[in-house]
Amino acid sequence: MKILIFAFLANLAKAQEGCGIISRKPQPKMAQVSSSRRGVYYNDDIFRSDVLHLTQDYFLPFDSNLTQYFSLNVDSDRYTYFDNPILDFGDGVYFAATEKSNVIRGWIFGSSFDNTTQSAVIVNNSTHIIIRVCNFNLCKEPMYTVSRGTQQNAWVYQSAFNCTYDRVEKSFQLDTTPKTGNFKDLREYVFKNRDGFLSVYQTYTAVNLPRGLPTGFSVLKPILKLPFGINITSYRVVMAMFSQTTSNFLPESAAYYVGNLKYSTFMLRFNENGTITDAVDCSQNPLAELKCTIKNFNVDKGIYQTSNFRVSPTQEVIRFPNITNRCPFDKVFNATRFPNVYAWERTKISDCVADYTVLYNSTSFSTFKCYGVSPSKLIDLCFTSVYADTFLIRSSEVRQVAPGETGVIADYNYKLPDDFTGCVIAWNTAKHDTGNYYYRSHRKTKLKPFERDLSSDDGNGVYTLSTYDFNPNVPVAYQATRVVVLSFELLNAPATVCGPKLSTELVKNQCVNFNFNGLKGTGVLTSSSKRFQSFQQFGRDTSDFTDSVRDPQTLEILDISPCSFGGVSVITPGTNASSEVAVLYQDVNCTDVPTAIRADQLTPAWRVYSTGVNVFQTQAGCLIGAEHVNASYECDIPIGAGICASYHTASVLRSTGQKSIVAYTMSLGAENSIAYANNSIAIPTNFSISVTTEVMPVSMAKTAVDCTMYICGDSLECSNLLLQYGSFCTQLNRALTGIAIEQDKNTQEVFAQVKQMYKTPAIKDFGGFNFSQILPDPSKPTKRSFIEDLLFNKVTLADAGFMKQYGDCLGDVSARDLICAQKFNGLTVLPPLLTDEMVAAYTAALVSGTATAGWTFGAGAALQIPFAMQMAYRFNGIGVTQNVLYENQKLIANQFNSAIGKIQESLSSTASALGKLQDVVNQNAQALNTLVKQLSSNFGAISSVLNDILSRLDKVEAEVQIDRLITGRLQSLQTYVTQQLIRAAEIRASANLAATKMSECVLGQSKRVDFCGKGYHLMSFPQSAPHGVVFLHVTYVPSQEKNFTTAPAICHEGKAYFPREGVFVSNGTSWFITQRNFYSPQLITTDNTFVSGNCDVVIGIINNTVYDPLQPELDSFKEELDKYFKNHTSPDVDLGDISGINASVVNIQKEIDRLNEVAKNLNESLIDLQELGKYEQYIKWPWYVWLGFIAGLIAIVMVTILLCCMTSCCSCLKGACSCGSCCKFDEDDSEPVLKGVKLHYT
């Protein structure tokens, strides 16, 4: 087949060269191609950096089907395509073209594609980009032609007029020479028409493709925003044809792929330069939705709640009584004469089908107003009876025939009740009703609703009737007007008047839309055991909701229950393991899943699954996508109701080699464990040392909310209206205050479990001597005296071989602590002592890192690294110095060095644990952030919204709208406070547990397995952390186990013997008794057993009652409204500079310092634990011991000298010691001594 082109050269204004005709054009093949992850674009003008952004806009869904169109010429005669049909624009278009010869030249956008409406042309004529919006006479086959590599004809449109936009871009030269080989160019575009602007996004990729659209990820950037202001419903592509002559043009190879945008949610990842580097289509599959729900591209193993679903109705059930008679409305409306208004007449209509559409569609009625019911809904309703009241009044008096009206007619002739349910119909009958008609002009008392007074006087002979003189020549306001008032009696008895709706079959036990006598709803209908009275049509529950109905045809009573509704949970092994997921439809039968839809009534394809081997019912709901194994194993991912899931291979659970998510029943023991089967247990025979890190939060940040500023901003009108809400705001802050008090109480109670430090008595003045410069100040227990600092600042520890080198490196500079870390047997270690300067430095770094992490985008968290490192190094130091724990357990001692590696591995999780604790701290800020986002997205800027309302509406309507905003904000605040209360309860429970562990694990040695770490407890060390405590538990865990046959008791001579401590085990030939946590067999004696009862086995059944969750009673709002919505006055509040939310930061530096000191003293107080090893710690004598020691020496010397002198045994040491008179050798003691003369003896 060959394509022939004929040119029609029309000499029109603004005409191009004419148009061409294509002969024998085949229909497009329209093959489908996957879009993969292409077509993402920058949908707004906001610059974002290093952030994940959730946005809702019109995007091309990932992996959607694109339609392929060709410009193709194969063998010149047989396969020739030039596909340029008119395509649907929809909500936007994704367009991708693969080519090599510049075949694609542009597009035409419009609606009718004729000269009656404007169209937009965006084309490349090989030298310019031309953009025009006009009324075009478009060519049937718009195209460009290229002859011998040169642009020849522009056959796009013949003429144009009424142009409103005309733009020509800068000139260039397009290569129009046909090329051979593979496709070299991939150009992608996105077109969106919003608010009169056509936005164009584009990206270019160099390719080398023989065919098809490449897979991958692409991001398009904005290039044009054109203010066309036209309606765009369709578009078509403008392409070029080629020839070596001036005729017989043929297409060159090119392909383009199109798809429509859909409104969806995408999560975009921006790098630090503001570039989109990745994206997730949140509705693509369960894993994608999960990523958007947790706002993270990486998902850890577990089960996550994503969204809600509701089972959609499958059928519609309409049940009306079997009534065929037509209601006689024609007799009422077409009566020959209508009565006087004071003597109005009533007609009862029953046992008939009422076609109200004839009435409210009639154009002859001047008034058709309904109260308590919509005219368009009457066709779906049934009533016990309908009453038609008729009378004649003036046209101007029709307004008085309405609830709550006053006037001569409403007060003295015809009165409607305030709760009137019905319709008022009136029409002008000036030509038909003429003459005198009467009405009552006055009366002693006003009429009651539907009261009729036929008297003509007031009882005292005074005439009360006046006359209408109707004729067609008076003004319209005084002309005769007929009025029919239809009063509807609501169903309190069987329906007798229904709309002309055809009844359908009754469908039970399925989710359906139902209509019983006008009662509409959605639910499941089931047979009921209730009994109705003969007149009763509906049944109500304690909350006054309709929960049962009588079928008007069979008179059967039916219960109404809601259709299945619940959450959708996604089970994932973690994105690092697999992208495979399973989906749990909570509390729903699998038979309902194919019709399950999301709460917003959308039906993504992934929601609908076909039944098969990977669909099975559990008590938790319908699980889809996981293979069910009929066995019990240790739980990996708990799903609920005793069902667990794992990501396993064939060697573990399955019969094939492929990994898959496997669901199974939860077991108490490990897989194939003999410890829980066949009367056998596993008893440890060997152990290894392990260290477990445990983080226990005990408090959280305190917050308060400035309710008025947060809800109303600077709007005085809103603030005044907020006063009518009573004590809502006060109660919110009262709850937050209670949370803050609870946090202080938690902290106090946790630290109260720690033993108080030993305090020395206050000794400042003793025996008249002032010791204030020598003895420490008892009011400052952490400060040493000058002499203490000078003489006694060292502690002697057992050196495993690294402490001396550390001390030589450290010198007197505490800041070199980490730098001086030593290597010991391949491990980095530090001495297990911290000076006060070191404690202060590390604590400050930790607190600063945690506090600044929130506003430094995580960079501040780097300050926490030294804290984690020194903690790990010091515990390495503790480990290597404890070279002998048990001399009678040589194997444990020998394996200690290998266990140090495990300790290091365990301590590597400390940073992660602290990160979790940081999450506890930041959850409050996150809740506030969520609250702000919720209010921002739902209500916009507070002040601008309120001011806009006040400017557009009158006072009453404005207060109604502001009231809605206040209600929404109060609800958000209430949600936030509820989250805080829940979190506070969790923190309280954690604080209680931390206090217990402080007592049992730190101050003692717990006998509970896995309570203080994983395994059997040896010792624990607390470390302070923001808003919590970090415990490092040293435990020994079984490294080898052996299975033994066991029995709970031994029956001997009709009596049952039970072990006092431990269990009975058998080695195959004999029975022994051994400890449960370590195999140490002993002979069974009366010392380790006791006798109780006989050998009979008594089986008891515990209470297994399962209580249904309580249904809250929905009481009337009246009491609540009476309590809060009341007249309330208050002086104006000066808000000043009070911020909207006061998210205060609690400074617990003193508590952290205190915890450091307490932890140190606790470690020193574990005297009983020193018996476990050979670790020795020598403390130098205090200064007062040294003083006493020196004083004693001095006293001994003085006493010795005195004795020597008194006993004349002084040797004088050749004159070095002069003893005075005690060394004289004069025998005459009576010789006088001359004053001033010194005597010498020889």
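Each Cβ is built from the backbone N, Cα and C atoms, and glycine gets one as well.
As annotated by Swiss-Prot, topological domain 'Extracellular' applies to 14-1182. Feature annotation from Swiss-Prot assigns N-linked glycosylation site to ASN115, ASN124, ASN162, ASN231, ASN273, ASN334, ASN630, ASN678, ASN686, ASN1043, ASN1103, ASN1142 (among others). The region 'Fusion peptide 2' annotation in Swiss-Prot covers 804-824 and rests on sequence analysis. Residues annotated as region 'Heptad repeat 1' in Swiss-Prot: 889-939. Here Swiss-Prot flags 1183-1203 as transmembrane segment, drawing on sequence analysis.
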C-alpha spacing of ASN115 (N-linked glycosylation site) relative to ASN231 (N-linked glycosylation site), in angstrom: 14
Distance [Cα-Cα, Å, rounded] between ASN630 (N-linked glycosylation site) and ASN334 (N-linked glycosylation site): 77
Where ASN334 (N-linked glycosylation site) falls in three-state DSSP terms: coil
For the glycosylation sites ASN334, ASN686, the one whose C-beta sees the most other C-beta atoms within 10 angstroms: ASN686
Packing count at ASN273 (N-linked glycosylation site) (other Cβ atoms within 10 Å of its Cβ): 9
Per-residue pLDDT averaged over the topological domain 'Extracellular' (14-1182), given as an integer: 74
ASN115 (N-linked glycosylation site) versus glycosylation sites ASN124, ASN162, ASN273, ASN686, ASN1043 - nearest by Cα: ASN162
Fewest other C-beta atoms within 10 angstroms, as judged across ASN115, ASN124, ASN162, ASN231, ASN1043, which are the glycosylation sites: ASN162
Candidate nearest ASN1043 (N-linked glycosylation site) in space, where candidates are the glycosylation sites ASN124, ASN162, ASN273, ASN334, ASN686 and distance is Cα-Cα: ASN686
Nearest of the glycosylation sites (ASN124, ASN162, ASN334) to ASN686 (N-linked glycosylation site), judged by Cα-Cα distance: ASN124
Shortest C-alpha distance to ASN273 (N-linked glycosylation site) - which of the glycosylation sites ASN124, ASN162, ASN334: ASN124
ASN162 (N-linked glycosylation site) to ASN124 (N-linked glycosylation site) - Cα separation in whole Å: 22
Rounded distance in angstrom between the Cα atoms of ASN124 (N-linked glycosylation site) and ASN334 (N-linked glycosylation site): 71
